[in-house]
Structures are given as C-alpha cells and as structure tokens.
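Student: First the structure, which I've put down as structure tokens, then a few questions once you've had a look.
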Amino acid sequence: MVHANFDIMDPQNDKFKDECGVFGVYANEPVDVASVTYYGLYALQHRGQESTGIAVSNGEEVKIHKGLGIITEAFTKENLDFLKEHNGNIAIGHVRYSTAGAKTIENSQPLLSTTKLGQIATAHNGNLVNYDVIRELLEEGGHVFNTTVDSEVITTLIARGSKKGIERAVIDAISAVRGSFAMVIMSKDKLIGVRDPHGIRPLCIGKIAEGYVLSSESCAIDAIGGELIRDVRPGEIVIIDENGIKSINYSENTTCRTCSFEYIYFARPDSVMDGIDVHTARVRQGEQLFKEYPIDADLVIAVPDSGIPAALGYSRASGIPYDVGFVKNRYVGRTFISPSQELRERAVAVKLNPLKVNVSGKKVIMIDDSIVRGTTSKHLIESLRRAGATEVHFLVASPVVKYPCYFGIDTPYRSELIGANKSLEEIRENIGCDSLGYLSLEGIYESLEKRRNFCVGCFNGVYPVSAPMEALNENLER
C-alpha cells in the first residue's frame, strides 16, 4: 500500500501555494493565550498544512510545541495543557507550507533562540531573496544553523544584536534582509510585528478584551471574537507590551505592493486586507470577466471553492443563472492511497464530480480563480463533457501566470507554467474548452478598487524587489 501526496487528484495542487500564516497574542489580563493562538491558527490553516507550532512566554521562560501536519494532527489536548500550565501572557504561532527548506520538524516554526535578553521566538511568512548570502556570511563567522529555513537568518541576526535591546536588534536585523516578510516576534515581555517595506505579505492588528493580537489575516481575529484595528503598514514595526502599542517606521523607502494573489486565491474570503474586502474583490473579478468576455450560455458554474465568488459576480453581471456544477468530496484529505498510474489522470472525479442534472444539455461557463499548470482544468472540462455539457467555456478570474514568485509562494519552474510556454489558443486546445478567457491586469486593478499598488510579478515579470540573478537564471533555464 502506497501513501502519497496527490498531484492530480486534488485540484488545489494545481494552484500556487502560500508559505505560511502567523499569529500572536499579548494579554494584559489572565487568559489562556495558547488556546487563543490555537484557534487563531485554526482560522489560518488554509495558509499552511505541513506543520504547526505555538510558543508561550510567562515573562521568564518560553515553552514551545511543534508538530507536523494540520493543527489537529500536531496538537493534542495534552500538548495544549502543557502550554496552558505555563501561565503565559504572550504567545505566537505559525502554520507552514514549505517553499524554502524541507518538510521536517526541525524546520517548523516558531524558531527559538537564547539571547542576552533571554529567549526570543520568531515566526515568519515570506521569503528572503538574499538568504543564501547572509547565511554564508554568518557561517563564515562561526554560526551553526539548526534548520534550512530562511527565517533562521532573521532569528540569528536578532540574537546577535540583542545587546543593543530588542527594538534596535529587530530594526538592524530586518534592515539587513531583502524580500518579503510578515513576522511575529516574542521576547520575554513583548509581542512584536514586522512587515517588509513593500508590504508584500499581509499582517494586521486586532483587539480582544484581554489585550491585542497580530495575525496574517483578519478572519483569525474574527474567529477569536476580536476586532480588527488596522493593518501593519509596509516598513512598520509594531511593539505591544504592558504600555500598549508602539509604532516604529524603520524604512523610509516604503511602497505598498501587497501580493495580488492574496485577493485572487490565497486569503480567506471573509478577510479584509489593506482595507479591501477579499470576497467583494473576487465578486468584482467575476463582474469584470463579463465585461471582457460576454458569452452566450445557459449556466455559470465555479470550480469550488475559490472560483465561487467570481462565478457569482459573472452571473449577476450577465444575468445567466449560477448553479452548482461540481460536487466536492470533503473527505478526501491531503494524502490518499495512490492508484495505479493509468488511473491517476481520471482521479480528479474523486475530489470533484460534475452534477449531471445541472450541466447536461447546457452551454456551460466554468470559472476558476487561476491556472498554473492546466492539468486540473483539462480533466474538469473533460468531465463536464462526459456529464453532457454541450459547450464548455472556461474563464479565469486572473491574468495569465507567466513568471515564478520569489516572495514566499510555492510556484513551479517557468517551464511548468502553462501560460509561460503556450499561446492562448494553444492553452485552449490543450485543456479542451470551446473558448478561453483570462481577466486582464486592468480588470484586476478595477476589482481592487482601482488601486494599482500591488505586486503583479507573476503576471508581468516586474517585481518590487529584484531576485538574485542565479534564481532568475535557474527559472529561465528550466
């Protein structure tokens, strides 16, 4: 019996994968900060399913538990009780999907370091493009790394500068790195949040009855009964302690370039990010699709779940009815007993099966948020035809993905991106639909309240931070 991570069986495996989610809580009044963090991470589970960790400080000592898998696999009641008994008032947590570093317990976060200021724990969402250079310099100076994740570079830099005080140490550390980072840092008496100068990865501040929280997304603040205060600004350090919230702008060269894919796919639809409601943005993407591709059809359907808001938007704008096109098997997990090779290409139906009664005999518009490799799209279109659809028109609520991401998103090599290697007509022929349309970049901007301050590097190859030349060459060559 072979157990394997499924590529084709799970349609979500033909998507970009976000790297991580971070969460932190500072309490001025007695509260079980470990459980608050546990439920906060539960709401961020979509941002990473490979490992989970929580660290708790009581002002003198830090206790930590980390485990592989989703939060219910990584934590038992005994694990939470162990953290609860620590009687801490500060906690940080992390859910991980690996893009840098292997999937091992050693690479799980939060990372813990002993410094001149006591123990410090860090959790990071993003990717450092100058990680290799800094790591090599630190190793030449005698430092021995315990993990292969780029987050340890920041933790090490903070530890090395701790004699200057935690604030100065954090400023110096993050000023040395380049790339994307949304971090939560816990010292013995402070909770600190940091966002990179371009705000590529999200981080927000919330208020609970007992204190304050930091979170990758506002949905986690909602989940614990808190209230969103605001987003951490690009180039800002937020320090939370017994005196409240202190803000430091550590970089003068700040230009907001939040990842556009947060609004297209990564973020949970009930989150608000940099002032934009994610669900509303996705509905508008569907409305923009209709403006760009008005199609005569009988039915609008979505590839669940991420394609649903755009499909609703298209339906409302066009007047074409929206209905369920696929039944989703919610009991298929991240791993599955691998079938024989000849059955793998048919295995999409295990996860998504067409609802024949709705699609048979109809001209169908199928809407998804994005196409990466195109493998899943091809099989879903074939399944709709087998279910009796007379026409299948495929619309994508984002532009053509042509370039990889260097900022904390697990993207294939450019040679694996269907949009980088084929024309629109070649893609249409490859996946077998009657017509194919991608939302334009202008359409994305329209859906995001006509703002243009986003990273769209995966669409146009223009990045807010230049990637190392060796990484660019590697992706161009493969």
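Using N, Cα and C of the backbone, Cβ positions are placed for all residues, glycine too.
Automatic prediction, not curation, is the source of TrEMBL annotations.
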Student: TrEMBL has C405, C455, C458 binding [4Fe-4S] cluster. Which one of C259, C433 is in the same site?
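Tutor: Answer per TrEMBL: C259.
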Student: Taking TrEMBL at its word that D368, D369 bind Mg(2+), choose the one of S306, S423, S435 listed for that site.
Tutor: S306
Student: Counting across all protein chains shown, how many other Cβ atoms sit within 10 Å of the Cβ of S306 (Mg(2+) binding site)?
Tutor: 21
Student: When DSSP is mapped onto helix/strand/coil, what comes out for C405 ([4Fe-4S] cluster binding site)?
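Tutor: Assignment for C405 ([4Fe-4S] cluster binding site) reads coil.
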Student: Find the shortest Cα-Cα separation between C405 ([4Fe-4S] cluster binding site) and the recorded positions C20, S306, D368, D369, and name the residue that gives it.
Tutor: C20
Student: Taking the Cβ of C20 (active site, nucleophile) as centre, how many other Cβ atoms lie within 10 Å?
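Tutor: Neighbour count, Cβ to Cβ under the 10 Å cut-off: 27.
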